[in-house]
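In Swiss-Prot this protein carries:
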DISULFID  CYS26-CYS74  disulfide bond
DISULFID  CYS40-CYS89  disulfide bond
DISULFID  CYS51-CYS105  disulfide bond
DISULFID  CYS55-CYS107  disulfide bond
DISULFID  CYS110-CYS117  disulfide bond
CARBOHYD  ASN30  N-linked glycosylation site
SIGNAL    1-18  signal peptide
Amino acid sequence: MRMRFVVMVILLPALMMSGSECRSSCRLTNISITVESEECGSCITIDTTACAGLCKTQESVYRSPLMLSYQNTCNFREWTYETYEFKGCPARADSIFTYPVALSCECSKCNSDITDCGVLSQQTLGCNAH
């Protein structure tokens, strides 16, 4: 019995350290964005990085109307923008598509000034058949 206790005491810090990664797994992930330009008559798939994962959160049992409640979500901390230019577009067509590329991520309150804070669709979208 004493040996089990010693092993548990030795392993407990290691388990707690490995568990911290499980509690907050907000990190960069590779994604593909399908973009269609009807004006240019083309459809492309762009590979980029985004933020995805779980953030530690808790919900109060009692909800007070005086206290605002929010959940932390996995958001871009730093990002840049890249552009793609559609080829073979008619004159005056909008041939430039600009998209964000995540450089780092963080668990934070969603900032609706720069982010769509709604629920993401799990459905993969493709180009429309014309």
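Each residue, glycine too, has its Cβ placed from N, Cα and C.
Shown here: features listed in Swiss-Prot, placed on the structure.
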{"residue": "CYS26", "record": "disulfide bond", "DSSP class": "coil"}
{"residue": "CYS51", "record": "disulfide bond", "DSSP class": "strand"}
{"residue": "CYS74", "record": "disulfide bond", "DSSP class": "strand"}
{"residue": "CYS89", "record": "disulfide bond", "DSSP class": "coil"}
{"residue": "CYS105", "record": "disulfide bond", "DSSP class": "strand"}
{"residue": "CYS110", "record": "disulfide bond", "DSSP class": "coil"}
{"residue": "CYS117", "record": "disulfide bond", "DSSP class": "coil"}
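Comparing the disulfide-bonded residues CYS26, CYS74, CYS105, CYS107, CYS117 on other C-beta atoms within 10 angstroms of each C-beta gives the minimum for CYS117. Annotation: CYS51 are the disulfide-bonded residues among CYS40, CYS51, CYS105 whose CA atoms are within 10 angstroms of the CA of ASN30 (N-linked glycosylation site).
When the disulfide-bonded residues CYS51, CYS107, CYS110 are screened for a C-alpha within 10 angstroms of the C-alpha of CYS26 (disulfide bond), the residues that qualify, in sequence order, are CYS51, CYS107.
Considering only the disulfide-bonded residues CYS51, CYS74, CYS105, the residue whose Cα is spatially closest to the Cα of CYS89 (disulfide bond) is CYS51. The disulfide-bonded residues CYS51, CYS110 differ in how many other CB atoms lie within 10 Å of their CB, and the one with the most is CYS51.
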